[in-house]
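Asker: Taken from TrEMBL, the feature domain 'ABC transmembrane type-1' applies to B:55-270, B:355-546. The transmembrane segment feature in TrEMBL is assigned to B:12-39, B:59-82, B:103-126, B:146-170, B:207-227, B:247-271, B:301-326, B:359-379, B:391-410, B:422-442, B:476-496, B:525-546.
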Amino acid sequence: MKRLTAACAASLLATTAFAQPDPTDWDSVLEEARGQTVYWNAWGGSTTTNDFIAWVGDRVAEEHGVTLKHVKLTDTADAVARVLAEQQAGTNEGGAIDIIWINGENFASMKRQDLLFGPFAEDLPNWQYVDTEGKTVQTDFTIPTEGYESPWAMAQVVFMYDTADIDAPLPSMNAILEWSKSHPGRFTYPQPPDFLGATFLKQALLDLVEDPAPLMEPATPETFAKVSAPVWDFLEELTPNLWRKGETYPQSGPQQIQLLNDDEIDLAISFSPGEASTAISNFELPDTVRTFVLDKGTLGNASYLAIPYNANAAAGAMVVANFILSPEAQAHGLDPLNLGYGTVLDMDKLSDDQKAAFDAIDLGIATLTPAELGTALPEPHPSWMEMLETEWTARYGVQ
Amino acid sequence: MTPSLTLVPRLTLAALVLPVGAGLWGVIAPLLGLVQITGADPTEAIDALLAWPGLGPSALLSVTTGVSATLLALSLVVLILSQLHGRPALAWLRRLLSPLLSVPHAAAAFGLAFLIAPSGWVTRVFSPWSTGWDQPPDLLILNDPWGLTLTLGLAIKEAPFLLLMSLAALGQTRADQSILIARALGHSASGAWLKTVFPAIYAQIRLPVYVVLAYSMTAVDVALILGPTRPSTLSVQILRWMSDPDLAYRLQGAAGALVQLALVVGVMALWRAAEQAVATLGKAWITGGSRSSGLDRLRPLARVLGGLSSLGVLLGLAGLVIWSFAGQWRYPDVLPDQMTLRSWQRFAPQLTDPLMETALIALASTGIALILCIGSLEAETRHNLRPTGRAMALLYLPLLIPQIAFLPGLQVLLLQSGLTSGRWVVVLSHLVFVLPYVFLSLSDPWRAWDRRYGTVASALGSSPDGVLFRVRLPMLLAPLLTAAAIGCAVSVGQYLPTLLAGGGRVATITTEAVALSSGGNRRAIGVYAVAQTLAALIPFAIALGLPRLVHRNRRALIPETR
């Protein structure tokens, strides 16, 4: 009987929820959010991210009475597929997913198909702290976000290397190639279409092309063939010198870290400047590991949170997104003991107290300073990543 | 009397057949254009599947790894039973069965990977002092393109299951008498077993062998960890397509699922043909009169292989347990620099919710399965029904049809019909896999129960229900609990049904463990593997312990010590 009443109440709520929560009226959002359960779909393969999400859950429960559940995905695309399937089935409200950790291809795909709730991001109260000038937080892989996703972490490509085996940072992709030739079997990258593997291909593309301008436009078969040619020449030389001669590849970033720790490889790519320090503090890497960036700069982007158009708890989801933009959550995430992700906030917009929390963080022995990281290179248009993945699979994906 | 009881067997079959049939329909209908999925065209999807360069190699891999793993597991079991029949070594292996079966597939695969990797435990023991390897050698052992490691991993995890089934079948043959006679005629011990016992046993374990074949050809989690990557096996690729954001890939995945189904059915047909060929050759061998005196020399081999394959699983698990307590631990250290509780402090709080969910689902699906099985068996008793061969084959249906072939279709249908997924849908989907195992485990002890107890009780005025509840069920407490334990273990291990029917929202210990394994953090995997193994082992411990407690003054009702 209790369940029946609950079901009736839920269906009543669902019909009244037709009036979608309005982020400009934040008080009513908070009121609606109280008591809601928010299902956050995010990749579950990284234990540090899982811990961070659990911490966010504890904090929003305390502050706003929102219950956060982490749905652990093996691939973010699963969540997109789920929303699509719900749209197919006409589940236009009460969907299974309330908030997704997303960027790039998946965002482009959801935005194109009108699967997103919003715009909401720039109406969140904590948006006032976001660094809209200095950081790429309003375009995602060249696609304007238009408030349909809220940034929560900055990422930039760095290379992790074991100083016990490599003396000095390698300044370019060609230097990595030369080093690999003299140290065969000691370098590899995750197998595309894994996200980090595809990132390695993009980084190679950005480092090897003469003129990056065409990369900001959608790729056509002609421009792709012409512009990406140096990448394939590079891989042709690199592959025989890879770990296992390129016969097999690690399947994910964390697996690559395990290989570095097992001393099977000496060099690995990462999309998080603080990841190495975090791994060292968790005993997952030796304390001889350091990081470097390439002389021409490395790729950077933001991770975002988006809310599906049919989310069951859009108000609760916005409360979560807003909390993650708070100085408290951003400082917690920046600390390599917790997560080691870059902040999306502008330090100049914070009060002295808030800033002090950031200054107090020890970035860790393997993390580069913002000055050393330099300015991140922008992501190419998503079509480049798709075509790189397809071409890689055709050339190397099948023996 | 209760006419409704006769409906229970039908209800049971419906619970098995309907989901499988609906799932297959959900795969086939969109491909035939009977159900529209916007943005996906059936012809294009099939063309895209055929154009994928990896189709041939990955289909071939499914066949080669699946068939060799099954052959290997079966040969190992036959070798062990024929060489070690009635010997202490077999009793030892028998004691190892429950733990071996309780180790989840993914954990076993991870443990094995850590044992045999070039930077793994075995190399570390001998390095660098005897091998000279200051750095791990760049050898392709894991994820080899021929799927040899995958085959090995599948074989050592499936052999215990076949051994269990064979031992159960052995109880129903007059093995000792047959061997005695054959020995008196001058046959060697193992020759006698092969000639007189094996044919009878194989007839009984044929369906379990097919289950192993279907599983090995389509396993996803083990293939993800140990299998080839360029390309992977077909089942792994199907799962990737099924989870692509682009809906067109779903149809491509559905088409792939049909190819996978055809492969499994085709291979089973070939296996059946091979069975007949072996039977003909075997008969000639048996009637040929040779005493096969040299065969017994294989006995040390049986001991070594039986021991090694058990060690492969148990040492691997031990490795993961150590990882869960490890501080810094690098190659070539055999043990960690320091031990710490940090991983447990970090991950244990996250274990409680999934463990509760796992227990709830396992108890619910096992409970329903027990009620259906008892109802069916009681209907059989009261109305003198005997299950036909066809009904028995249906019982195996969910185990023979690869999960990857029908579960995605079930997900599509659930969504199309607007049914919300959630815990109870997961319970029903688990029931499909729990039910066969519970029935198979319970039916023999049920039928073996001496009906004269019932006659006596009736003569004393007990109603049929009274006989059931006050005599038969209490007397069968031990087999009932064993069946329940097996049901719980099966439920705990389900990954794809939980993921697909639960819409990703139902987090059990197994879905969490597999999601984590995509990250490859050995410490976290160690913690979850221990939790998963315990979740499967505890019901077995209860099944062993409780009858001893309840029947402490009725010794004949306590199952003999194994």
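Backbone N, Cα and C define each Cβ position, glycine as well.
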Asker: Decide whether the stretches the transmembrane segment (B:12-39) and the transmembrane segment (B:422-442) have at least 3 CB pairs under 8 angstroms, with pairs required to be 6 or more apart in sequence.
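Answerer: Output yes: the transmembrane segment (B:12-39) sits against the transmembrane segment (B:422-442).
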Asker: State, in range form, which of B:146-170, B:301-326, B:422-442, B:476-496, B:525-546 has the highest count of Cβ pairs under 8 Å to the transmembrane segment (B:359-379).
Answerer: B:422-442
Asker: Which residues of the same chain, at least 6 past either end of the transmembrane segment (B:247-271), have a Cβ under 8 Å from a Cβ in it?
Answerer: 24, 27-28, 30-31, 37-42, 44-46, 48-49, 52, 55, 59, 62-63, 66-67, 209-210, 213-214, 217-218, 234-235, 237-241, 400-402, 404-406, 408-409, 412
Asker: What stretch of B:59-82, B:103-126, B:391-410 shows the most Cβ pairs under 8 Å to the transmembrane segment (B:525-546)?
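Answerer: Counting Cβ pairs under 8 Å, the winner is B:103-126.
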Asker: What parts of the chain pack near the transmembrane segment (B:103-126), using Cβ distances under 8 Å and only residues at least 6 beyond its ends?
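Answerer: For the transmembrane segment (B:103-126), the sequence-distant neighbours (Cβ-Cβ under 8 Å, at least 6 residues beyond its ends) are 133, 136-139, 141-142, 149, 152-153, 156-157, 219, 221-222, 225-226, 312-320, 323, 331-334, 492-493, 495, 510, 513-514, 517, 522, 525, 528-529, 532-533, 536.
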Asker: Can you tell me which parts of the same chain pack against the transmembrane segment (B:59-82), counting only residues 6+ beyond its ends and a CB-CB cutoff under 8 A?
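Answerer: Hits for the transmembrane segment (B:59-82): 90, 93, 146-147, 150-152, 154-156, 158-159, 162-163, 166, 170, 190, 193-194, 197-198, 201, 209, 212-213, 216-218, 223, 227-228, 231-235, 259-260, 263, 267, 271, 295, 298, 301-302, 305-306, 309.
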Asker: Ranking B:301-326, B:391-410, B:476-496 by Cβ pairs under 8 Å to the transmembrane segment (B:146-170), which is first?
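Answerer: Between the stretches B:301-326, B:391-410, B:476-496, B:301-326 has the largest tally.
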Asker: Under 8 Å between C-beta atoms and at least six residues away from its ends: which parts of the chain pack against the transmembrane segment (B:476-496)?
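Answerer: The answer is 101-102, 104-106, 220-221, 358, 361-363, 365-366, 369-370, 373, 403-404, 407, 429-430, 433-434, 437-438, 441-442, 445-446, 449, 508-511, 514, 532, 535-536, 539-540, 542-543, 546-547, 550-551, 557-559.
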Asker: Going along the chain, which residues at least six beyond the ends of the transmembrane segment (B:301-326) come within the CB cut-off of under 8 Å?
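Answerer: That would be 76, 79-80, 82-84, 89, 93, 96, 99-100, 103, 107-108, 110-115, 121, 152, 155-157, 159-160, 335-336, 339-341, 343-344, 522-523, 525-527, 529-530, 533.
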